Amino acid sequence: MLIGIGLYWAGLLALKQRGVLPEWIGTQGPIVTFHTKRGRDFLDWLAQPKRFWRAWTNLGVGIALVAMVGMFVFLLISAISALLAPQPTGIQQPQNVLVIPGVNDFLPLSATPGIVAGLFIGLVVHEGGHGLLCRVEDIDIDSMGVAMLAVLPIGAFVQPDEESSDAASRGGQTRMFAAGVTNNFAVTILAFLALFWLVGSVITVAPGAAIGGVVDNSPAEAAGIGEHDRITHVDGQAVADNQEFIDTLDEIDAGTISVTIDGEREATVDRAPIVVSTLSDGPAGLGLNERILSVNGEDVSTREDLVDAVGQAERVSITTRAADGSTETREVPIGASMQVLEGSPLADAGAPVDSFVVVTTADGERVHDGSALESLIEERDGESIELTGFLNGERVSFDVTADADATQFGPAVHSGISGMQVNDIGVQFYPVKTFHSVLGGDSPNGFGSLGETFFGKIFIALMLPIMAIAGMRFNFAGFAGGVENFYEVSSVLGEPAVFAIANILFWTGWINLNLGFFNCIPAFPLDGGHILRTSTEAVLSRIPGIEATRGMVRVVTTVVGVTMLATFLVMVFAPSVLH
């Protein structure tokens, strides 16, 4: 990619030196800017209801000021966390700051059309807002345009006339700078409203177990089952979803099963209990792709055999075989793994923050896995419960108040047995119903009260492309890249058109929200830096006995701006440099 950018840049330089580029095309390094004076008459016409636009952007100024404070605090906390974090997470890698599919680890190439469309819309409404308010406040516009890196739109601009901009009132300047982010936030709300309606109206979850991944050298791989397949039948019996597939397997004793994939082709699978996901440094100590051979010396050939062999024992001896053929026996506590989060009921009861507790009983009732504990907590919400289990190999007991919402978002209670997922064929299930519910579908909500409100859904949707940092195995980057197979569409437009519209809406909302918050960072040359300057001038001018000068304002804006730059650089680069 770097070689391609280098060749592209060299070509631009050659064209510029030969005078081939017209005056309305400019270059800044590898970035090409297209300038035009067209559209000013349209902005003059659109700006006629000046009272409305001033009221709209006055609201935007208030929102921008709140967002500026929020971004200042967020960057400070993020920088401190980056310095204190024991190891960098994926989101802290420098390349993941860039919204470029294929470069950013969380943005696959399949998301490119939606991201480009969302970015284009975001830039147009942002800079269009600046241009519109320029005319509302009688500020002349020298030119407008877009900035491109090859075919990728990376920026847009409105160049106001400096003299008329300086002559405008302080309030007019502030409204002009806030107009862009105001429009971005408005587009975010409209895009997610439309997306939630579209998903709720015409997109449903397709029947079958959604296969998000297949473990290497597993029975599923040997049978030809692959990523993004749907297992719709087991031994001729239809399965509706992931959980029904697991339940169906548990009811079958045979070591070999027949499965139907995507309702079309058949495959025969030889069962064997495989660890398909596990916590890094988790309490079980078993590794990914290990085949469980025996429990307390008793051979097991299915997940149900494993559960039966464990019985009521709280600690068992498990023998496994790794992919290289080596075997190992470990003592493993069997129960529900909980990560102690700050402010959680377990932390309040005295458990060390960030440690893992394997809960084996709750008020004397045996707990074998995470789903059993979550169900019990939901049933006993608000009641006092005694949780007994193991912490760092030692038996512990905590009296806590059950909080159903605390188990819904984030890895407070891990799914599976002691934080590991085991199934008989070696597949990893895609959380299709969870993502469907967030995007407006009628699937069960997996995020508690947060997922029941409109703005709560927007917050979760903002996290969907990076859900791996919240403990989930899979992210959601739109209805693309193969996950379309997990959904069905009931519309005359057909699946390709509906999925394309949904992707554009998703990325338009996602990018506009991020674009708005980013521009609210109180540092030049961002809008937040300009609003900080005009706001500082307004505050200083109202303090009795103080005559606000450019120097005083510059001190405030420089200190805040340098702080923001430093925290941003620390947040992005410190984890990689320190570790």
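Numbers run from 1 along the shown chain.
Note that Cβ sites are derived from N, Cα and C of the backbone, with glycine treated the same way.
Per TrEMBL, domain 'Peptidase M50' is recorded for 116-556.
The transmembrane segment annotation in TrEMBL covers 59-86 (among others).
According to TrEMBL, the feature transmembrane segment maps to 106-127 (among others).
Per TrEMBL, the feature transmembrane segment maps to 177-199 (among others).
What TrEMBL records for 454-476 (among others) is transmembrane segment.
Among the features that TrEMBL reports, transmembrane segment is placed at 496-515 (among others). Cβ atoms under 8 Å from those of the transmembrane segment (496-515) belong to residues 99, 111, 113-115, 117-119, 121-123, 125-126, 181, 184-185, 187-188, 191-192, 194-195, 198-199, 202-203, 439, 458, 461-462, 465, 478-480, 484, 487, 489 of the same chain, restricted to positions at least 6 beyond its ends.
Annotation comment: TrEMBL describes 552-574 (among others) as transmembrane segment.
Between the transmembrane segment (106-127) and the listed ranges 59-86, 177-199, 552-574, the one holding the most Cβ pairs under 8 Å is 177-199.
Within the model, the domain 'Peptidase M50' (116-556) shows a mean pLDDT value of 84, rounded to a whole number. Here the transmembrane segment (177-199) has Cβ contacts under 8 Å with residues 56-57, 59-61, 63-64, 67, 121-122, 125-130, 132-133, 436, 439-441, 454, 457-458, 461, 498, 501-502, 505-506, 508-509, 512-513, 515-516, 519-520, 527, 530-531, 534 of the same chain, all six or more residues outside its ends.
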